[in-house]
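*Asks:* Once you've had a glance at the structure underneath, I'll fire off some questions.
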Amino acid sequence: MAYDEVREVDPEVADALTGERHRQNDTLAMIASENHVSEAVMEAQSSELTNKYAEGYPGSRYYGGCEYADDVEELAVARAKELFGADHVNVQPHSGSSANMGVYFATLAPGDKILSLDLTHGGHLSHGHPANFAGQLYEVEQYEVDAETGRLDYEALREHADAFEPDMIVSGFSAYPREVEWERIQAAADAVGALHMADIAHITGLVAAGEHASPVGVADFVTGSTHKTIRAGRGGIVMCDEAFADDIDSAVFPGAQGGPLMHNIAGKAVGFNEALDPAFEEYAAQVVENAAVLGERLQEHGFSLVSGGTDTHLVLVDLRESHPDISGGDVEGELEDVGIVLNANTVPDETRSAFDPSGIRIGTPALTTRGFDADAMETVADCIARVIDNLGDESVYADVADTVADLCEQYPQYE
């Protein structure tokens, strides 16, 4: 993609777009919430559908000229239903947070109670953090992982639910490396008459491929984003039983959003179609294997992992034991200098600030898309360890940067 048309009218933006393409090709994207979509998805997202207003739903729009918008949305919905086995799917949310908003608006009144996973223990802002709309509209209490194991404590969660009597329990995570037992959370919700929303934003692709247990058919609502492990472009999705369909649809539009982003929905349709190919199951399995290999190799280098490992696409490193004087922010910055891009992250029982926390979160979806296998992931883990163990050593940085450049050349993303 040369951006010739952009360069003709706006060379500054063209330079930025070209620079970003080179950055993605020439660095290792290890932020757990990022991935590389296909050229086909990008082409769909840059289509003429960006020009089309299509308020409403297929067959019931508030504008004319929506026949092809209807075709695209119907394809996206049908493919999502096939992927996840869901009764009802809404593909209009602009993001995972918008999907969560749709569920809240469909089911809760201001002041209702939500029980969700604490942000520093792996939750997400939209699950009720005070800085987020959910924390401002609803009464929120939060459960935590077990202090010893770093894993969800389902018995403690149930006891918390019994005491708090929430209207909704939110499950799911942004930085929890273990498989979630949805049925146990559903049982806690059933015991107090609460609804259960499972947010699978990070593991949408793993669930679709059978690499993580599915909450579809267990939880009342399943939300997610479409640009992390499933590679369908930026956006959100809501799945539910048919009984909730009308409430969800009206909460998304007109409740929370106006016109849907039809060009993004086209990207979702294409990405979901790609995920229906058997090769996607192989990809998802490799994502999980690569994360396990990455974690094990880092442990061999003396690093401590939250929960002791991973079952998913991400590894959460707690630096306090191995490198107590180094923050996650320090590591993030130094690794980016050598071409490894990840993010600082809070860890359970965080002792630093959220702006400069004690951990780093590392994901494997994007590198797996590029073709990285277990051997390559061991090399990446070695590079990460060398930089952290030798913070500030420019000779080490130069050597690691050369290794990263070789890996990028060996596994190109966008030709």
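Cβ from N, Cα, C; glycine included.
Quantities reported herein were computed from a predicted structural model and do not represent experimental measurements.
Take a look at what Swiss-Prot says about it:
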{"type": "BINDING", "residues": "LEU119, GLY123, HIS124, LEU125, SER353, ALA354, PHE355", "note": "(6S)-5,6,7,8-tetrahydrofolate binding site"}
{"type": "SITE", "residues": "HIS227", "note": "site 'Plays an important role in substrate specificity'"}
{"type": "MOD_RES", "residues": "LYS228", "note": "N6-(pyridoxal phosphate)lysine"}
*Asks:* Would you give the longest CA-CA distance, in whole angstrom, between residues of LEU119, GLY123, HIS124, LEU125, SER353, ALA354, PHE355, the set recorded as binding (6S)-5,6,7,8-tetrahydrofolate?
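*Replies:* Output for (6S)-5,6,7,8-tetrahydrofolate binders LEU119, GLY123, HIS124, LEU125, SER353, ALA354, PHE355: max Cα distance 16 Å.
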*Asks:* Name the secondary structure element type, per DSSP in three states, that contains ALA354 ((6S)-5,6,7,8-tetrahydrofolate binding site).
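*Replies:* DSSP assigns ALA354 ((6S)-5,6,7,8-tetrahydrofolate binding site) to coil.
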*Asks:* Given the binding-site residues LEU119, LEU125, which one is most crowded in terms of C-beta atoms within 10 angstroms?
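*Replies:* Comparing the binding-site residues LEU119, LEU125, the most crowded Cβ belongs to LEU119.
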*Asks:* Give the distance between the Cα atoms of LEU125 ((6S)-5,6,7,8-tetrahydrofolate binding site) and HIS227 (site 'Plays an important role in substrate specificity'), rounded to the nearest whole Å.
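*Replies:* Cα-Cα distance, LEU125 ((6S)-5,6,7,8-tetrahydrofolate binding site) to HIS227 (site 'Plays an important role in substrate specificity'): 18 Å.
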*Asks:* If you count the C-beta atoms lying within 10 Å of each candidate's C-beta, which of the binding-site residues GLY123, ALA354 ends up with the smallest number?
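*Replies:* Minimum Cβ neighbour count within 10 Å, taken over the binding-site residues GLY123, ALA354, occurs at ALA354.
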*Asks:* Just how many other Cβ atoms lie inside 10 Å of the Cβ on HIS227 (site 'Plays an important role in substrate specificity')?
*Replies:* 26
*Asks:* Please determine which of the recorded positions listed here (HIS124, LYS228) has the lowest count of neighbouring CB atoms within 10 Å.
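*Replies:* Taking HIS124, LYS228 as the recorded positions, the minimal 10 Å Cβ count falls on HIS124.
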*Asks:* Provide the three-state secondary structure of the residue listed as 'N6-(pyridoxal phosphate)lysine' computed with DSSP.
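*Replies:* In three-state terms, the residue listed as 'N6-(pyridoxal phosphate)lysine' counts as coil.
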*Asks:* May I ask you to report the DSSP-based helix, strand or coil state of GLY123 ((6S)-5,6,7,8-tetrahydrofolate binding site)?
*Replies:* coil
*Asks:* Between HIS227 (site 'Plays an important role in substrate specificity') and ALA354 ((6S)-5,6,7,8-tetrahydrofolate binding site), what C-alpha distance do you get in Å?
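*Replies:* ALA354 ((6S)-5,6,7,8-tetrahydrofolate binding site) has its Cα 25 Å from the Cα of HIS227 (site 'Plays an important role in substrate specificity').
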